[in-house]
Amino acid sequence: MAVPTNSCLLVCLLTLTVLQLPTLDSAAPFDVTAPQEPVLALVGSDAELTCGFSPNASSEYMELLWFRQTRSTAVLLYRDGQEQEGQQMTEYRGRATLATAGLLDGRATLLIRDVRVSDQGEYRCLFKDNDDFEEAAVYLKVAAVGSDPQISMTVQENGEMELECTSSGWYPEPQVQWRTGNREMLPSTSESKKHNEEGLFTVAVSMMIRDSSIKNMSCCIQNILLGQGKEVEISLPAPFVPRLTPWIVAVAIILLALGFLTIGSIFFTWKLYKERSSLRKKEFGSKERLLEELRCKKTVLHEVDVTLDPDTAHPHLFLYEDSKSVRLEDSRQILPDRPERFDSWPCVLGRETFTSGRHYWEVEVGDRTDWAIGVCRENVVKKGFDPMTPDNGFWAVELYGNGYWALTPLRTSLRLAGPPRRVGVFLDYDAGDISFYNMSNGSLIYTFPSISFSGPLRPFFCLWSCGKKPLTICSTANGPEKVTVIANVQDDIPLSPLGEGCTSGDKDTLHSKLIPFSPSQAAP
């Protein structure tokens, strides 16, 4: 019976050996390992996650996949010797990359830049060689130390003090403690910990101080994961609640009121004296500056007797007084459609053209609350609503509503010392200078940046609303004459002489909405 038994044992051993051969052959020819301890990274820093490949050989041409929960959520895919950005999750594009140098030594290091709270969790690296693959897991922990704590104090009517400690930018949720100067911990009365869209926590912790013997309190906020924290200390004021009789309180209030009245009277008298002294100095200084300007900065300009050109006037503009006044009406005139006539903006040009020299004229605006005055190139576009800016050949200032503006590309707001009733236009063609003055007080309204003119320039006028008194060009009394003005005059220096060629305008209020003006807005 022994021989059959030994034969049976031999057959069983051979069978087991044969069954194990396919299993051994099917095992992957490499292993993938990863550190067991989590990798810790601070918010905003860079994190490196590494897994190893053994036997220690080059894995440069193998397929490598770093992923989170499933293989379809690729943090990084390395295939055919390069990273496949098209397969990468959106939140990791531009932040996750592979240290390719380690692949030659059998290491795969994933570099995540600008770490966020949402990056925390498990990452798996998978190596694939043909049909063989192995994977390992690495865990990333994220932490952040927040801002320095701030303590605010509120004293209650009963003498108790409420302290509130606030700080932001922590992760994970921090631990907050109140401590006395003797390092004794006290409980909080309320505590709030909220996280923002980035996942970082903001804490606000309050407590009440009822023990008057406590001199100092500190707020300590700790990140348990990092073993780091921040602390701030505040000194508490000594309690002082004096017992006062009613008559002492009344006397104190009366004395305090008398003291305030005395101080106020002294301060008011001193301020009034300083203001009067300043005004006297300013008046004296203005006279001195005027004399100096008269001696050093006189510019002689030729006063022009400007008249309006009816061939350029918009059909709603009516000219009066030998083409020296213009008014905007609701009715539309039947006029020849000339190339030089404005058909959209309610504008008109002067007859005079300037190609050189220095020129000057005045316009009476009176109490009108809407107008535009200046110069323009003779060949400006007069059809349609092209913007009236220097780029399009217009240099003008305007009043619309309660605002004064220079018609620059972005419309420059002007701050004037007072509303001008008469505006002087100063043109120095050769110097490329256009300036506007308030002839009522001699102050400068606006000067356009210097420009090199080319081609003829003409006076330019525009009105925005109907039914008001005309805009009037001031006439020279006895023909063209020389007028002396101050160059770059200050706001508080009067300009002289002003001329007497016009009367004041009307006092109507603005009611029209003709910006932009279109012929379709008024019936003929």
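We number each residue from 1, going along the chain as drawn.
Backbone N, Cα and C define each Cβ position, glycine as well.
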Between Asn56, Asn441, the N-linked glycosylation site label in Swiss-Prot belongs to Asn56
From the list Cys125, Cys165, Cys219, Swiss-Prot names as the disulphide partner of Cys51 the residue Cys125
Swiss-Prot lists as N-linked glycosylation site, out of Asn216, Asn438, residue Asn216
Cβ proximity for Cys51 (disulfide bond), under 8 A, sequence spacing 6+, ordered by residue number, returns Val32, Thr33, Ala34, Arg107, Ala108, Cys125, Ala136, Val138
Taking all protein chains shown into account, the Cβ-based neighbour count within 10 Å for Cys219 (disulfide bond) is 25
Cys165 (disulfide bond) and Asn216 (N-linked glycosylation site), compared by Cα position, are separated in whole Å by 14
Counted with DSSP (H/G/I as helix, E/B as strand, rest coil), the domain 'Ig-like V-type 1' (29-141) has 15 helix, 58 strand, 40 coil
For Cys125 (disulfide bond), the number of neighbouring Cβ atoms whose distance to its own Cβ is within 10 Å equals 26
